[in-house]
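Noted in TrEMBL for the protein shown:
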- His228, His278, His345, His515: Fe cation binding site (BINDING)
Amino acid sequence: MLDFDQSCHRKHGFSLENKLVFSRKLYKQALTIARVVSPSQLAIVPSPDKEPVDPDQNHVAWTSVKQERWEGELVVQGEIPLWLKGTYLRNGPGLWHIEDYNFRHLFDGYATLVKLNFEDGRLIAGHRQIESEAYKAAKKNKKICFREFSEVPKHENFMAYVGDLSKLLSGSSLTDNANTGVVKLGDGRVVCLTETQKGSLVIDPNSLETLGRFEYSDSLGGLIHSAHPIVTDAEFLTLLPDLLKPGYLVVRMEPGTNERKVIGRVNCSGGPAPGWVHSFPVTQHYVVVPEMPLRYCAQNLLRAEPTPLYKFQWHPQSKAFLHVMCKASGKVVTSVEVPLFVTFHFINAYEEEDEDGRVTSIIADCCEHHADTSILDQLRLKNLRFFKGEDVLPDARVGRFKIPLDGSRNGKLEAALDADEHGRGMDMCSINPAYLGKKYRYAYACGAQRPCHFPNTLTKLDFVEKKAKNWYDEGAVPSEPFFKNGGGYALLLDGSTFKEIARAKLPYGLPYGLHGCWVPKK
């Protein structure tokens, strides 16, 4: 399940592809875990010796995992550095059907947690289904029981539908299927997340057992939050969209607590609802709150069948904005209009200073899809499962925003480097966490080798030289590089040269995964 983005800062990078790639410098020497790449073979119950190949079967990256859990030691070819000790966790949808019913969208699948444990040159791998209430109810009742990204429970009659709508307004019918990310809090707890607040689940990073819901002890309420909080050893920052009075609460939670405290509020500058905030960036002193014209839509949320934009609507007439809030005071120091944009993932942000040390502007980078919302529909499973060799992946770039702090009302958006450097595909970026909120040079991502229908390379971006190094293995689907075909394999690469250091074959293929984290050995 690991696929490596051979792009690592310095030494040895790591990635899970239904292939795993690993980069050797953890902390001092950047470690890059790329996530999952899956070659074109059946996902099967682990069998180290034989893996049947059906040429008509779709790529294993888009097939459901065949069993709830598995763990075993992998045979390593090469040598895993002895200093590498800890566990890489990766979360993502791994079960896309219930009984004979097949889900429609990549984001609908029930969460599968994967681990790679490194110690003393050995590699123990495993996976386990996250036992959310949505997953357990679906297994018990043999049908979807909660509202997923594009899926709605089927109602026997109109009154049942009305009853479901009332549950939707209270949030009880929303899924807790925590299939998006996994983070290690400053106090050591490990939490899997999705965009619903109820979908925050605590897990054991060793056994992968689901320990229970992460209950927020404050009274802030709300149904949704950013799927990607900013998490460090010192704090947890996230955004809570306000759907009734369009805006966002910026909140902080300290390690060891479950209480979120409000830093401040941002009011939307346009549109009928807040823009989707899947992620957001921070600098050392500021939180950047994006207001995208792809906005939450209550009407679409209530629909029994999905629209092309699912829970959202595109409102180009409402324009796009970036808001900058001071972390210390909660004051919004500027709100600027920017060109229309569409992004899932911000990469990083930092402050620019003049010769006297005064902050003059903020730079914020993201994986930007040229304000093209078609990327959402491209992630329908039927599109991913049947690639005909045509180049259908929508173009993307590293979008670089420049936000002036001189009172100007407009910001800029341009490409940080020529998009042809990474095949005009760009998503799932990560950086060396030591540079969070600071000026940085390198990022690691998934790019494209055309023709393709999904990002299929691991890419190291150099924003100083404005160049990219790309790693590509035909038939592999890499997932997010993390700094630090049938069957998958873990691939350990030198982050500077991309030279292979070691690899370990997984005995079965794993579905595509989304995001991960590193849990160091204590």
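Quick reminder: no glycine exception, Cβ is built from N, Cα and C everywhere.
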Quiz prompt | Neighbourhood of His228 (Fe cation binding site), C-beta criterion under 8 angstroms, separation at least six | solution = Thr180, Gly181, Leu193, His278, Ser279, Phe280, His345, His515
Quiz prompt | Chain-mates of His228, His278, His345, His515 with C-beta within 8 Å of site centroid, Fe cation | solution = Thr180, Gly181, Ala227, Ser279, Phe344, Phe346, Leu514
Practice problem: Fewest other Cβ atoms within 10 Å: which of the binding-site residues His278, His345, His515 wins that one? Let me know. | Solution: His278
